[in-house]
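Beneath this line is the structure, given in structure tokens, with notes to follow.
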Amino acid sequence: MIIGRGWWEQCCGASKKGGHQRTPSGIAGSVPDSLQRTTNINAICRLPMRFNRRTLMLQEYAYTMAQNLDPNSDGRGVLQFKTGLMSVIKQKLAKKDGGRIDRNRDIERLWEFYHQYKRRHRVDDIQREEQKWRETGNFSSSNIGDLQLRFSEMKKVFATLRALVEVMEALSKDAAPDGVGRLIMEELRRIKKSDATISGDLIPYNIVPLEAPSLTNAIGYFPEVRGAISAIRYNEQFPRLPADFEISGQRNLDMFDLLEYVFGFQKDNIRNQREHLILALANAQSRLGIPVEADPKLDERAVRDVFLKVLDNYIKWCRYLRIRLVWNSLEAINKDRKLFLVSLYFCIWGEAANVRFLPECICYIFHHMARELDAILDHGEATHAASCISENGSVSFLEQIICPIYETLAEEASRNNNGKAAHSEWRNYDDFNEYFWSPSCFELSWPMKKDSSFLLKPKPKKGKRTGKSSFVEHRTFLHLYRSFHRLWIFLIVMFQALAIVAFNDGKLNLNTFKRVLSVGPTFAVMNFLESCLDVLLTFGAYTTARGMAISRLVIRFFWWGLSSGFVLYVYLKLLEEMNTNASNSLYFRIYVLVLGVYAGFRMFLALLLKFPSCHRISEMSDHPFFQFFKWIYEERYFVGRGLVEKTSDYISYVFYWLVIFACKFTFAYFLQIEPLVEPTRIIINLPRLQYSWHDLISKNNNNALTIASLWAPVVAIYLMDIHIWYTLLSAIYGAVMGARARLGEIRSVEMVHKRFESFPEAFVKNLVSPQIKRVPFEAQASETSHDNNKAYAAMFSPFWNEIIRSLREEDFISNREMDLLSMPSNTGSLKLVQWPLFLLSSKILLAIDLALDCKDTQADLWSRICKDEYMAYAVQECYSSIEKILHSLVDGEGRLWVERIFREINSSISEGSLVITLSLKKLPVVLSRFTALTGLLTRDPTPELAKGAAKAVYDFYDVVTHELLSSDLREQLDTWHILLRARNEGRLFSRIEWPKDPDIKEQVKRLHLLLTVKDSAANIPKNLEARRRLEFFTNSLFMDMPPAKPVCEMMPFCVFTPYYSETVLYSNSELRVENEDGISTLFYLQKIFPDEWENFLERIGHGDGGDAEFQETSTSALELRFWASYRGQTLARTVRGMMYYRRALMLQSYLERRSLEEDVSYHTSFTTQGFELSREARAQADIKFTYVVSCQIYGQQKQRKAPEAADIALLLQRNEALRVAFIHVEESGAADGKVTKEFYSKLVKADEHGKDQEIFSIKLPGDPKLGEGKPENQNHAIIFTRGEAVQTIDMNQDNYLEEAMKMRNLLEEFRGNHGLRPPTILGVREHVFTGSVSSLAWFMSNQETSFVTLGQRVLAKPLKVRMHYGHPDVFDRIFHVTRGGISKASRVINISEDIYAGFNSTLRQGNITHHEYIQVGKGRDVGLNQIALFEGKVAGGNGEQVLSRDVYRLGQLFDFFRMLSFFFTTVGYYVCTMMTVLTIYVFLYGRAYLAFSGLDKGISREAKLLGNTAFDAALNAQFLVQIGVFTAVPMIMGFILELGLLQAVFSFITMQLQLCSVFFTFSLGTRTHYFGRTILHGGAKYRATGRGFVVRHIKFAENYRLYSRSHFVKALEVALLLIVCIAYGYSEGGAVSFILLTISSWFLVISWLFAPYIFNPSGFEWQKTVEDFDDWTNWLMYKGGVGVKGITAGSLGGMKNRCIFRH
């Protein structure tokens, strides 16, 4: 039995470039992780020797190893592995036909084979060469580059040798000590002594080979890396480690070894953080300058920068709690102490697991451990830290420090009942972390007291437990009022004031003023309500909240209670004065004085706390009296302090909102409030109306319900229409800002053609580092514009050509288009700038036509040619190229003729007599002869072609001499003695020199295309995506961006992608399986991407032979899988796109010519050939860029042989810099029969055999998934990321090479001036690439694009409230990992985990910006059900945000105007969406009341009031919001900006014809349902949408189950209300008039009922409709079978909802 053979063949069947490697035996691919973590058993099983005695010996030894490691076979997969291995052994024994095997000579045979293997592969010679290079230090590119490929093969040889040595070492114990055993022991001693061996390449490492030097990886030889390694090296001043302390690999002792010994950190955590710190220090040093000393040393500033960056949060925490730092002052600690402290922090963070979500807890741990370290460093001997010593004497940081905290976290997390329990019933991550925001946290002591309240584990039932920290997430809509009470108070107060003015007929006099002062009691009472909510909603945290926080609640409650009573009493007295017309206005004076003093005091505090220029004064003041009022005004948290912006930014967003207020309140007064004043008065004063029923409210109370029915929809619209005005202004302002940023300047291929001449200079200015600009050219530098243009073109061309090559690799362009788009190097001897042929195509032919029509002078002809600048370039290049090519082809007399001809022509040109010297009518004949010549020269030389070329040259000579030249010149040449003799002797052009110079060969090929391509360049490239990418890239060259730094000085970064179980790579079966209509995914892709399919076939060399050809060879089948996967939302597409960063960095580094050699002579050409093989370029790219994909369940997928695991392994093989992190679960049996699990966080890469190689394996305290899956997945793997920045990329994203080239510029924004604080998150523009898949996908694409461009542009500036909305933002990595990570993970409340990173960054004094000169691809859902699930997830997440402490604190701590921006761009958007729907209900229930009561007819008879202006304004506004008009406004403005007015109009009309309004109305219902339900009942969860192509018809029963509660039931309710109003109501114009008034409601009903039918594939096919109806009725009537409980529509459709409601 051979286990896993088929799976491993699938996993390792393809080489890194798509081919195939030799697959190892199946047993080698099935070694369990639990066995290979600490042994070399995997390599032993994989030794390449088959069916002979030695293989059997090795496999028997492998079985012995497995038995010794796990004798009871407790580990997962161990028993199967042993069984399979024993089966193989038995099969091989059976081949001996039962003969006895002599075991005595096993070790001798193995020793002999060991030596034979070494001789065959010249191992000793390789080692001697390596030793020589190490001794001389001469690591030039020439000697290393030649051997690099050989060394990659030698790595496999040494892997085999290492496995053989391990087996020999084990077997030598039984060998005779005076024979082979002695020889083996001597060999082992020699191997262990030798540190100069290429086996160092076999020791697993991530980026820097620290355990042993490596020749194939140049990183270790970079001066900055060597300096960083030297900086952490152990010296005699440090405490002495025990003599028996062992270090791994062939390195020296360093600081991390001391930390490992003292605190018991895990070895792999130490290895991981050692590399982490070395890279951080090396990159910090490279920014300051590359060390040039023979023994490089780090600059003190580099260490200081890293120290302050890493420990910044700890410093702020200590200052907040007013405790002493571990160090007295920065100047008092030396460089070594700083490095020790940073190393300690990294080691704590690297092993903290889930505790990483508690940044201040880590500060607490670090604070005490640093004190312990400080005491140990002051002693001569290293000792174990007391806090990490267990009862049995072992030292383990994980067990003693992290596990107790984790266990309490896990117990609390288990109380959430899988997300169904109330948030108040358990402590989440924030509650644990906020324990450390108070000095009382030091009651926890050190070592931590197990019986402290912090570590108190909750009892299973309602027993003693620790309460919430300071905030309780109760499920209620009241959080909206509590968090944003200032907004609601402002709106109500303004409505009250406007209504009072309106009811006073707009007269502004003293009487009106006194009535307007009634806003005072309203203001006080509403603030009192907010303080009441504070008291009520904090229930559940009183036992554990800080005393100061509770005191503030009580003080504010009594303050507002007393204030409300006082103000209300005084105002009532004021009203009495008004009614009695008393001359004494005492109460009026008191009232005004009180309001004035209060308003002034609040204004004073607001200025001090919110106005930026005054904020520092308030921060510096420590006076208790002032601090008391400041504390009352604004609660003090560790987060949220100093949320102010620069004065200019503050004024900008204040002015922005003042404009909105002016528009909103003008509209509200004249179109909402004032029109209702007169009808309200009339209704109040109407005589007794006849009611159709007994009414207890309105009859004797001035028709109160009637008035309420009249005003309610208007008030509802009043409360939400501020969002309409915000949307309109943001669209206008965003478009203006985009135009100022020069977006949309290049929006077509024609514009690309026209402005291409300016691209090189713009590219060099922005994207080329100064290091490349200093490289000299062949031509001497000159100040002339022409020489500058040539230099710019030379620097631009290698980058441009790589971009074009990437487009070809992605099949967006064909081979012919690639030739036309490619740009010559411009480094040759040709003095002209050579442009791509697509600019010059057909220009020569057009110029000839102009010459043929020329009847004027040479100057006139040239003037007409120069009207098209590219035609002039084409003519000049054609002329110069012909001269150069002819010079290279001929010699002797022929060369004399060429020189004479061109001398004469040049003379004529200078004299202006060209039209006289040449017969221009003959130009077509001349060029046709030369075209024939170039056509031959472009082919490989043969004797026949050489003869033909010689004849072609002679024909060219003949036509030029006898037809083109004037008669005088012709006679001179014919009588030229030298030429005449050569012609008569037959020597003239008898042979030619075939082009060998690459420059000449390139010119021949280019000139041939220039003369033969007749197509217009207007349609090149044809592919729309290729056009869009080139248009955006060239446009971005003219936008403002920071200049590029050299690669060695740029900020290092990492790309981080979380992955669970989504599609990695489409399988052949998935591509070919057909739906019920016979449509397969492959067929679908071929139809929507026809040109890309043709280009793909051309690239792989296939004709249009159909799918059958792809089944012949697996290589083509694999290429087909990748082609299809690159057009879906797959992990393969994401990995390919993100690896463009590394390719771009290698290209940029290669052209910067950084070398490890001492004397560097720059190459004089900008060739990029072989840049991907340059070891320096690869090493430099690896220092600056890493890519980690966190495949959470990859270990489980491998164990169950899932196809996703094989596909991930294939991606690892094809991308050497890719790293995969995953959670490994190791099961083992205990004595009592229980299965225990151990969890490990692992990082792997592909080894030389293409198999996973484990780099790090860090044990976790338990199951890491305590909260939401995605952030927990990110958290466990973030310790493997590197660099100062991290870009968060989802697995449905893409990237492009041309955009990757701008990453250096983007990262420089972290050091730019963007306000009071440096940026902590850089927002990046997205392009949604799924828009072409379907009409719904196009709607979503346009909506999303408008948000991620225009919308976020306004959020970032001027509003300063941009958050993190998912991907692909770039985080300041150190800032965020020391402050809780890049997301939050508490169960359910943090379901929208991404946006909390933005909240956290803002609250912790971060700064979030947005940049649009770079873009990243993004996929979106493409089917209605997918979109609905996605919208439901986002809406549910916003519902949870309403309850969260982050939103509460931002709503409270932002200044008023910034709070408005924050509200309407986060949860306020969903509140307004919900109110749009509620307006319909309010209106219709009001009309139903009037209809049933009979009042509508009575009122209309008394006064024609219904259908007035206010109703029309309210309902029209509601309708426009409902159908998505205001959603479309930013979209249209974006279209106008980036596509042009006509294209924008066309796109908008097309969207309307495709029923986008129906879609937006349907989405309105989705968002409203899930948002409201989540706030009240919970139920928010991650909803897997599939992200696939929608080629399947959805059954109506499935749609019914999905949409019944959210849409169908509500639509039927609205329809019923409409019918009731028509049947029983009264309208002046009859039913038609009422229907016109309620058109929005009818449209909503139709959209909610029929959108799932309209947007369903094959939805209008009759047969499908019949089948759907039958299926739905069968499901509806299903009663179950034998032993099965009947499930009906009501029970199945509502089961989940009722479960949610119960909880």
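Placement of Cβ uses the backbone N, Cα and C atoms for every residue, glycine included.
Listed features, source TrEMBL:
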- 14-33: region 'Disordered' (REGION)
- 336-449: domain '1,3-beta-glucan synthase component FKS1-like' (DOMAIN)
- 484-503: transmembrane segment (TRANSMEM)
- 523-545: transmembrane segment (TRANSMEM)
- 557-574: transmembrane segment (TRANSMEM)
- 586-609: transmembrane segment (TRANSMEM)
- 650-671: transmembrane segment (TRANSMEM)
- 710-736: transmembrane segment (TRANSMEM)
- 1467-1492: transmembrane segment (TRANSMEM)
- 1513-1536: transmembrane segment (TRANSMEM)
- 1542-1564: transmembrane segment (TRANSMEM)
- 1608-1626: transmembrane segment (TRANSMEM)
- 1632-1655: transmembrane segment (TRANSMEM)
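By the count of Cβ pairs under 8 Å, the stretch nearest in packing to the transmembrane segment (1632-1655) among 484-503, 523-545, 557-574, 586-609, 1467-1492 is 1467-1492. As a quick check, the transmembrane segment (484-503) and the transmembrane segment (586-609) miss the bar of 3 or more Cβ pairs under 8 A, pairs 6 or more apart, so the two do not touch. Shown for the domain '1,3-beta-glucan synthase component FKS1-like' (336-449): DSSP residue counts in helix, strand and coil, namely 78 helix, 3 strand, 33 coil. For the domain '1,3-beta-glucan synthase component FKS1-like' (336-449), the mean pLDDT of the prediction comes to 92. Of the ranges 523-545, 557-574, 586-609, 1608-1626, the one with the most Cβ pairs under 8 Å to the transmembrane segment (1467-1492) is 1608-1626. Contact check: the transmembrane segment (586-609) against the transmembrane segment (1608-1626) gives fewer than three Cβ pairs closer than 8 Å, residues 6 or more apart, which falls short of the contact criterion. Through the fold, the transmembrane segment (1608-1626) approaches residues 1477, 1480-1481, 1484-1485, 1487-1488, 1490-1492, 1496-1497, 1500, 1565, 1569, 1600, 1634-1635, 1638, 1641-1642, 1644-1645, 1648-1649 of its own chain, all at least 6 residues removed from its boundaries and within a Cβ separation under 8 Å. Nonlocal intrachain contacts for the transmembrane segment (523-545), taken as residues 6+ away from its ends with a CB within less than 8 angstroms of a stretch CB, comprise 424, 453, 466-472, 474, 476, 478-479, 481-482, 485, 488-489, 492-493, 553-554, 556-557, 559-561, 563-564, 567-568.
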